[in-house]
Amino acid sequence: MGTHGVEEGHAGMALRILGAPRRYIQGPGAVAGLPEIVATLGTRPVLIADPVALDREGAPLPDATVLRFAGEITKAEIARLAEAAKAAGADVVVGMGGGKAIDSAKGVSRRLGAPIVVVPTVASNDAPTSRLIVVYDEHHTIVEVEMLASNPDVVLVDTAIVARAPRRLLAAGIGDCMSKTFEAHACAKAGGHNFFQGRTPLAALALADACYATIRRDGIAALAACDRQVPDEALENVVESAVLLSGLGFESGGLSLAHSLTRGLTAHPKLAGALHGELVAYGTLVQVAHEGMDEAGRADIAAFSRACGLPTRLADLGLAAPSDEDYAIIAGPTLAAPHMKHLSRPASLDSIVAALKAVEAS
Ligand SMILES: [Zn+2]
(Lines of atoms letter the chains of each structure in order from A and count residues from 1; the text may use other names and numbers.)
(Lines give C-alpha, C1' and ligand atoms only; values in the text may rest on other atoms or scores of the structure.)
Protein backbone atom coordinates (compact mmCIF):
# COMPACT_ATOMS: atom_id res chain seq x y z
CA MET A 1 0.00 0.00 0.00
CA GLY A 2 3.01 2.27 0.49
CA THR A 3 3.42 5.47 2.41
CA HIS A 4 2.06 8.00 -0.06
CA GLY A 5 -1.13 8.80 1.77
CA VAL A 6 -4.78 8.63 0.96
CA GLU A 7 -4.66 8.46 -2.84
CA GLU A 8 -2.51 5.40 -3.09
CA GLY A 9 -4.38 3.74 -0.25
CA HIS A 10 -7.59 4.44 -2.11
CA ALA A 11 -6.33 2.87 -5.33
CA GLY A 12 -4.88 -0.03 -3.39
CA MET A 13 -8.38 -0.92 -2.21
CA ALA A 14 -9.11 -1.98 -5.78
CA LEU A 15 -12.54 -0.43 -5.96
CA ARG A 16 -14.78 -1.67 -8.76
CA ILE A 17 -16.63 1.28 -10.34
CA LEU A 18 -19.36 1.44 -13.00
CA GLY A 19 -20.83 4.66 -14.38
CA ALA A 20 -23.73 5.19 -16.79
CA PRO A 21 -26.31 7.72 -17.99
CA ARG A 22 -29.34 8.06 -15.71
CA ARG A 23 -31.61 6.92 -18.55
CA TYR A 24 -31.17 5.36 -22.00
CA ILE A 25 -34.06 5.43 -24.50
CA GLN A 26 -33.97 3.92 -28.01
CA GLY A 27 -36.41 3.15 -30.81
CA PRO A 28 -38.03 4.40 -34.02
CA GLY A 29 -39.79 7.70 -33.32
CA ALA A 30 -38.16 8.09 -29.88
CA VAL A 31 -37.38 11.74 -30.57
CA ALA A 32 -41.11 12.58 -30.31
CA GLY A 33 -40.71 12.18 -26.54
CA LEU A 34 -37.86 14.69 -26.33
CA PRO A 35 -39.89 17.80 -25.32
CA GLU A 36 -41.44 15.94 -22.38
CA ILE A 37 -38.06 14.59 -21.22
CA VAL A 38 -36.38 18.00 -21.51
CA ALA A 39 -39.24 19.61 -19.54
CA THR A 40 -38.36 17.40 -16.54
CA LEU A 41 -34.83 18.91 -16.51
CA GLY A 42 -35.34 22.60 -17.25
CA THR A 43 -37.52 25.32 -18.73
CA ARG A 44 -35.17 27.08 -21.19
CA PRO A 45 -33.48 24.48 -23.41
CA VAL A 46 -30.68 25.17 -25.85
CA LEU A 47 -30.26 22.76 -28.78
CA ILE A 48 -26.68 22.40 -30.03
CA ALA A 49 -26.93 20.60 -33.35
CA ASP A 50 -24.82 19.33 -36.19
CA PRO A 51 -26.03 21.36 -39.22
CA VAL A 52 -26.26 18.27 -41.47
CA ALA A 53 -28.53 16.44 -39.01
CA LEU A 54 -30.51 19.61 -38.32
CA ASP A 55 -31.17 20.32 -42.00
CA ARG A 56 -32.11 16.69 -42.68
CA GLU A 57 -34.27 16.03 -39.61
CA GLY A 58 -35.40 19.48 -38.44
CA ALA A 59 -35.24 20.73 -34.83
CA PRO A 60 -36.86 18.13 -32.54
CA LEU A 61 -37.52 20.73 -29.84
CA PRO A 62 -39.84 23.53 -31.07
CA ASP A 63 -39.22 26.03 -28.25
CA ALA A 64 -35.46 25.66 -27.91
CA THR A 65 -32.78 28.18 -28.81
CA VAL A 66 -30.95 26.50 -31.70
CA LEU A 67 -27.15 26.80 -32.02
CA ARG A 68 -25.38 25.29 -35.02
CA PHE A 69 -22.14 23.44 -34.28
CA ALA A 70 -19.39 24.82 -36.55
CA GLY A 71 -17.73 21.49 -37.39
CA GLU A 72 -14.64 21.16 -35.17
CA ILE A 73 -14.69 20.90 -31.38
CA THR A 74 -12.07 23.36 -30.18
CA LYS A 75 -11.82 25.32 -26.91
CA ALA A 76 -12.90 28.41 -28.86
CA GLU A 77 -15.96 26.69 -30.33
CA ILE A 78 -17.11 25.42 -26.93
CA ALA A 79 -16.62 28.93 -25.51
CA ARG A 80 -18.63 30.48 -28.39
CA LEU A 81 -21.52 28.04 -27.90
CA ALA A 82 -21.44 28.42 -24.11
CA GLU A 83 -21.60 32.24 -24.39
CA ALA A 84 -24.61 32.03 -26.72
CA ALA A 85 -26.32 29.48 -24.47
CA LYS A 86 -25.71 31.69 -21.44
CA ALA A 87 -27.06 34.74 -23.28
CA ALA A 88 -30.23 32.77 -24.06
CA GLY A 89 -30.61 31.93 -20.35
CA ALA A 90 -30.38 28.20 -21.04
CA ASP A 91 -30.86 25.85 -18.07
CA VAL A 92 -30.77 22.53 -19.96
CA VAL A 93 -28.56 21.51 -22.92
CA VAL A 94 -29.56 19.15 -25.75
CA GLY A 95 -26.80 17.87 -28.06
CA MET A 96 -27.83 16.45 -31.45
CA GLY A 97 -25.60 14.94 -34.15
CA GLY A 98 -22.40 12.89 -34.29
CA GLY A 99 -19.61 12.56 -31.74
CA LYS A 100 -18.11 16.05 -32.12
CA ALA A 101 -21.43 17.96 -31.94
CA ILE A 102 -22.41 15.88 -28.90
CA ASP A 103 -19.07 16.47 -27.19
CA SER A 104 -19.44 20.23 -27.83
CA ALA A 105 -22.84 20.12 -26.12
CA LYS A 106 -21.20 18.24 -23.21
CA GLY A 107 -18.62 21.04 -23.01
CA VAL A 108 -21.39 23.66 -22.83
CA SER A 109 -23.24 21.61 -20.17
CA ARG A 110 -20.02 21.49 -18.14
CA ARG A 111 -19.43 25.23 -18.40
CA LEU A 112 -23.06 26.10 -17.55
CA GLY A 113 -23.45 23.45 -14.86
CA ALA A 114 -26.68 22.49 -16.65
CA PRO A 115 -28.12 18.99 -17.25
CA ILE A 116 -27.64 17.42 -20.68
CA VAL A 117 -29.74 15.27 -23.01
CA VAL A 118 -27.76 13.56 -25.78
CA VAL A 119 -29.51 12.76 -29.09
CA PRO A 120 -27.14 10.88 -31.42
CA THR A 121 -28.25 10.94 -35.07
CA VAL A 122 -25.63 8.36 -36.08
CA ALA A 123 -24.36 5.22 -34.34
CA SER A 124 -20.77 5.64 -35.51
CA ASN A 125 -18.88 5.69 -32.19
CA ASP A 126 -18.95 5.11 -28.44
CA ALA A 127 -19.12 8.77 -27.31
CA PRO A 128 -22.80 9.46 -26.47
CA THR A 129 -23.12 7.75 -23.06
CA SER A 130 -19.72 8.77 -21.67
CA ARG A 131 -18.40 11.70 -19.62
CA LEU A 132 -15.54 12.29 -22.07
CA ILE A 133 -15.24 15.48 -24.12
CA VAL A 134 -12.49 15.07 -26.73
CA VAL A 135 -11.16 18.54 -27.67
CA TYR A 136 -9.14 19.21 -30.86
CA ASP A 137 -7.09 22.14 -32.18
CA GLU A 138 -7.60 23.86 -35.56
CA HIS A 139 -5.37 21.20 -37.17
CA HIS A 140 -7.75 18.39 -36.05
CA THR A 141 -5.25 17.02 -33.53
CA ILE A 142 -6.51 15.93 -30.09
CA VAL A 143 -5.30 18.43 -27.48
CA GLU A 144 -7.26 17.48 -24.37
CA VAL A 145 -9.92 15.21 -22.94
CA GLU A 146 -12.25 17.01 -20.53
CA MET A 147 -14.67 15.12 -18.29
CA LEU A 148 -18.25 15.87 -17.26
CA ALA A 149 -18.76 15.42 -13.51
CA SER A 150 -21.39 12.76 -14.26
CA ASN A 151 -22.57 10.82 -17.31
CA PRO A 152 -25.28 12.49 -19.43
CA ASP A 153 -28.70 12.73 -17.79
CA VAL A 154 -30.51 11.14 -20.74
CA VAL A 155 -29.31 9.50 -23.97
CA LEU A 156 -32.11 9.26 -26.52
CA VAL A 157 -31.58 7.43 -29.83
CA ASP A 158 -34.22 7.57 -32.56
CA THR A 159 -33.44 4.57 -34.76
CA ALA A 160 -35.58 5.90 -37.63
CA ILE A 161 -33.09 8.79 -37.81
CA VAL A 162 -30.03 6.52 -37.40
CA ALA A 163 -31.32 4.30 -40.24
CA ARG A 164 -31.27 7.32 -42.58
CA ALA A 165 -27.56 7.98 -41.93
CA PRO A 166 -24.93 6.68 -44.38
CA ARG A 167 -23.98 2.98 -44.15
CA ARG A 168 -20.29 3.83 -43.63
CA LEU A 169 -21.14 5.49 -40.29
CA LEU A 170 -22.98 2.43 -38.93
CA ALA A 171 -20.12 0.22 -40.12
CA ALA A 172 -17.73 2.47 -38.16
CA GLY A 173 -19.94 2.04 -35.08
CA ILE A 174 -19.61 -1.73 -35.50
CA GLY A 175 -15.84 -1.25 -35.80
CA ASP A 176 -15.77 0.67 -32.52
CA CYS A 177 -17.73 -2.22 -30.90
CA MET A 178 -15.28 -4.87 -32.07
CA SER A 179 -12.48 -4.08 -29.64
CA LYS A 180 -14.40 -3.71 -26.38
CA THR A 181 -14.45 -7.34 -25.23
CA PHE A 182 -10.72 -7.71 -25.96
CA GLU A 183 -9.82 -4.37 -24.34
CA ALA A 184 -11.97 -4.76 -21.21
CA HIS A 185 -10.66 -8.28 -20.52
CA ALA A 186 -7.07 -7.14 -21.13
CA CYS A 187 -7.56 -4.19 -18.75
CA ALA A 188 -9.16 -6.42 -16.08
CA LYS A 189 -6.42 -9.07 -16.35
CA ALA A 190 -3.72 -6.43 -16.05
CA GLY A 191 -5.42 -4.93 -12.99
CA GLY A 192 -5.74 -1.61 -14.83
CA HIS A 193 -8.07 1.31 -14.26
CA ASN A 194 -11.22 2.19 -16.19
CA PHE A 195 -12.30 5.83 -16.82
CA PHE A 196 -13.62 6.13 -13.27
CA GLN A 197 -10.17 5.27 -11.86
CA GLY A 198 -11.70 1.99 -10.65
CA ARG A 199 -11.12 -1.67 -11.43
CA THR A 200 -13.20 -3.29 -14.17
CA PRO A 201 -16.42 -4.71 -12.64
CA LEU A 202 -17.89 -8.01 -13.87
CA ALA A 203 -20.85 -6.00 -15.17
CA ALA A 204 -18.61 -4.11 -17.61
CA LEU A 205 -17.04 -7.34 -18.86
CA ALA A 206 -20.53 -8.77 -19.45
CA LEU A 207 -21.57 -5.64 -21.37
CA ALA A 208 -18.43 -5.75 -23.53
CA ASP A 209 -18.97 -9.46 -24.25
CA ALA A 210 -22.63 -8.84 -25.18
CA CYS A 211 -21.52 -5.98 -27.43
CA TYR A 212 -19.24 -8.31 -29.41
CA ALA A 213 -21.71 -11.23 -29.56
CA THR A 214 -24.44 -8.91 -30.85
CA ILE A 215 -22.47 -7.35 -33.68
CA ARG A 216 -21.17 -10.77 -34.76
CA ARG A 217 -24.76 -12.09 -34.86
CA ASP A 218 -26.64 -9.05 -36.24
CA GLY A 219 -24.02 -6.73 -37.78
CA ILE A 220 -24.46 -7.75 -41.41
CA ALA A 221 -28.28 -7.72 -41.19
CA ALA A 222 -28.17 -4.29 -39.52
CA LEU A 223 -26.09 -2.87 -42.38
CA ALA A 224 -28.71 -4.23 -44.82
CA ALA A 225 -31.43 -2.46 -42.81
CA CYS A 226 -29.37 0.73 -43.03
CA ASP A 227 -29.25 0.29 -46.84
CA ARG A 228 -33.07 0.05 -46.87
CA GLN A 229 -33.20 3.01 -44.41
CA VAL A 230 -35.77 1.15 -42.30
CA PRO A 231 -34.98 -0.03 -38.74
CA ASP A 232 -35.60 -3.67 -37.86
CA GLU A 233 -34.70 -5.87 -34.88
CA ALA A 234 -31.14 -6.43 -36.13
CA LEU A 235 -30.57 -2.69 -36.48
CA GLU A 236 -32.05 -2.04 -33.03
CA ASN A 237 -29.68 -4.61 -31.53
CA VAL A 238 -26.62 -3.22 -33.31
CA VAL A 239 -27.46 0.41 -32.49
CA GLU A 240 -27.82 -0.55 -28.81
CA SER A 241 -24.44 -2.26 -29.07
CA ALA A 242 -22.75 0.68 -30.80
CA VAL A 243 -24.13 3.36 -28.49
CA LEU A 244 -24.93 1.80 -25.10
CA LEU A 245 -22.90 -1.43 -24.76
CA SER A 246 -19.83 -0.01 -26.51
CA GLY A 247 -19.99 3.21 -24.49
CA LEU A 248 -20.34 1.51 -21.11
CA GLY A 249 -17.90 -1.16 -22.27
CA PHE A 250 -15.05 1.29 -22.73
CA GLU A 251 -15.78 3.74 -19.93
CA SER A 252 -16.31 1.16 -17.17
CA GLY A 253 -14.45 -1.72 -18.85
CA GLY A 254 -11.23 0.09 -19.64
CA LEU A 255 -9.16 0.27 -22.81
CA SER A 256 -6.01 -1.38 -24.14
CA LEU A 257 -4.00 -1.57 -27.37
CA ALA A 258 -6.81 -1.19 -29.96
CA HIS A 259 -7.74 2.32 -28.82
CA SER A 260 -4.13 3.25 -28.01
CA LEU A 261 -3.32 2.52 -31.65
CA THR A 262 -5.75 5.24 -32.79
CA ARG A 263 -3.22 7.75 -31.38
CA GLY A 264 -0.46 6.35 -33.56
CA LEU A 265 -2.64 5.95 -36.65
CA THR A 266 -3.97 9.53 -36.47
CA ALA A 267 -0.39 10.80 -36.13
CA HIS A 268 0.25 9.56 -39.71
CA PRO A 269 -0.86 12.16 -42.29
CA LYS A 270 -2.09 9.51 -44.76
CA LEU A 271 -4.44 7.98 -42.18
CA ALA A 272 -6.11 11.19 -40.99
CA GLY A 273 -9.22 10.71 -43.15
CA ALA A 274 -10.38 7.47 -41.54
CA LEU A 275 -13.26 7.33 -39.04
CA HIS A 276 -12.54 6.48 -35.38
CA GLY A 277 -14.46 3.18 -35.60
CA GLU A 278 -12.55 2.17 -38.74
CA LEU A 279 -9.27 2.68 -36.91
CA VAL A 280 -10.54 0.68 -33.92
CA ALA A 281 -11.62 -2.23 -36.15
CA TYR A 282 -8.09 -2.38 -37.55
CA GLY A 283 -6.65 -1.83 -34.06
CA THR A 284 -8.58 -4.88 -32.81
CA LEU A 285 -6.69 -7.08 -35.29
CA VAL A 286 -3.39 -5.61 -34.12
CA GLN A 287 -4.27 -6.11 -30.45
CA VAL A 288 -5.21 -9.79 -30.83
CA ALA A 289 -2.03 -10.35 -32.87
CA HIS A 290 0.00 -8.70 -30.10
CA GLU A 291 -1.79 -10.87 -27.51
CA GLY A 292 -0.82 -14.01 -29.42
CA MET A 293 -4.21 -15.14 -30.76
CA ASP A 294 -3.85 -18.04 -33.22
CA GLU A 295 -4.12 -17.59 -36.98
CA ALA A 296 -7.63 -19.08 -37.22
CA GLY A 297 -9.04 -16.77 -34.55
CA ARG A 298 -7.51 -13.73 -36.19
CA ALA A 299 -8.74 -14.78 -39.65
CA ASP A 300 -12.28 -15.15 -38.27
CA ILE A 301 -12.28 -11.57 -36.92
CA ALA A 302 -10.75 -10.21 -40.13
CA ALA A 303 -13.37 -11.97 -42.29
CA PHE A 304 -16.17 -10.37 -40.27
CA SER A 305 -14.50 -6.95 -40.60
CA ARG A 306 -14.20 -7.32 -44.36
CA ALA A 307 -17.88 -8.41 -44.61
CA CYS A 308 -18.83 -5.14 -42.86
CA GLY A 309 -16.63 -3.13 -45.24
CA LEU A 310 -14.17 -2.33 -42.45
CA PRO A 311 -10.38 -2.08 -42.97
CA THR A 312 -8.14 -5.09 -42.25
CA ARG A 313 -4.87 -3.70 -43.68
CA LEU A 314 -3.15 -0.31 -43.63
CA ALA A 315 -3.75 -0.11 -47.40
CA ASP A 316 -7.53 -0.13 -46.72
CA LEU A 317 -6.97 2.97 -44.54
CA GLY A 318 -4.97 4.78 -47.22
CA LEU A 319 -1.39 3.67 -46.49
CA ALA A 320 -0.22 1.20 -49.16
CA ALA A 321 3.14 -0.61 -48.83
CA PRO A 322 4.08 0.83 -45.40
CA SER A 323 7.79 1.47 -44.86
CA ASP A 324 9.81 1.09 -41.65
CA GLU A 325 9.46 4.84 -41.22
CA ASP A 326 5.65 4.57 -41.52
CA TYR A 327 5.62 1.85 -38.84
CA ALA A 328 7.78 4.02 -36.57
CA ILE A 329 5.39 7.00 -36.94
CA ILE A 330 2.50 4.75 -35.84
CA ALA A 331 4.28 2.85 -33.06
CA GLY A 332 5.70 5.87 -31.16
CA PRO A 333 2.47 7.64 -30.07
CA THR A 334 0.78 4.24 -29.59
CA LEU A 335 3.37 3.12 -27.04
CA ALA A 336 3.00 6.44 -25.19
CA ALA A 337 -0.78 6.00 -24.71
CA PRO A 338 -1.73 5.35 -21.05
CA HIS A 339 -3.89 2.27 -21.81
CA MET A 340 -0.83 0.39 -23.16
CA LYS A 341 -0.20 -0.85 -19.61
CA HIS A 342 -3.31 -3.03 -20.06
CA LEU A 343 -1.69 -5.93 -21.87
CA SER A 344 -0.76 -9.49 -20.90
CA ARG A 345 2.85 -8.91 -22.01
CA PRO A 346 4.64 -5.56 -21.92
CA ALA A 347 4.64 -3.69 -25.23
CA SER A 348 7.67 -2.09 -26.88
CA LEU A 349 8.16 -0.26 -30.17
CA ASP A 350 9.38 -3.58 -31.64
CA SER A 351 6.42 -5.60 -30.34
CA ILE A 352 3.94 -3.08 -31.78
CA VAL A 353 5.66 -3.08 -35.17
CA ALA A 354 5.76 -6.90 -35.13
CA ALA A 355 1.98 -7.02 -34.48
CA LEU A 356 1.34 -4.47 -37.26
CA LYS A 357 3.45 -6.55 -39.67
CA ALA A 358 1.65 -9.75 -38.61
CA VAL A 359 -1.69 -8.16 -39.53
CA GLU A 360 -0.31 -6.95 -42.87
CA ALA A 361 1.01 -10.45 -43.65
CA SER A 362 -2.14 -12.38 -42.71
ZN1 LIG B 1 -13.94 4.15 -29.41
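Easy rule for this one: first residue shown is 1, then count along the chain.
Backbone N, Cα and C define each Cβ position, glycine as well.
Since we're looking at a predicted model, the values are computed, not measured.
The record from TrEMBL ties ASP176, HIS259, HIS276 to glycerol, and of the options ASP126, ASP218, ASP316, ASP324 it ties ASP126 to that site too. Filtering VAL122, SER124, ASP126, ASP176 by Cβ distance to ligand 1 (under 6 A) retains the following binding-site residues: ASP126, ASP176. The record assigns ASP126, ASP176, HIS259, HIS276 to the glycerol binding site, and the maximum Cα to Cα distance across that set is 12 Å. For the pair formed by HIS259 (glycerol binding site) and ALA101 (NAD(+) binding site), distance between Cα atoms is given as 21 Å, rounded to the nearest Å. Residues GLY99, LYS100, ALA101, ILE102, ASP103, THR121, VAL122, ALA123, SER124, SER130, LEU132, TYR136, recorded as contacting NAD(+), have a largest CA-CA distance of 21 Å. When secondary structure is read from DSSP and collapsed to three states, VAL122 (NAD(+) binding site) falls in the coil class.
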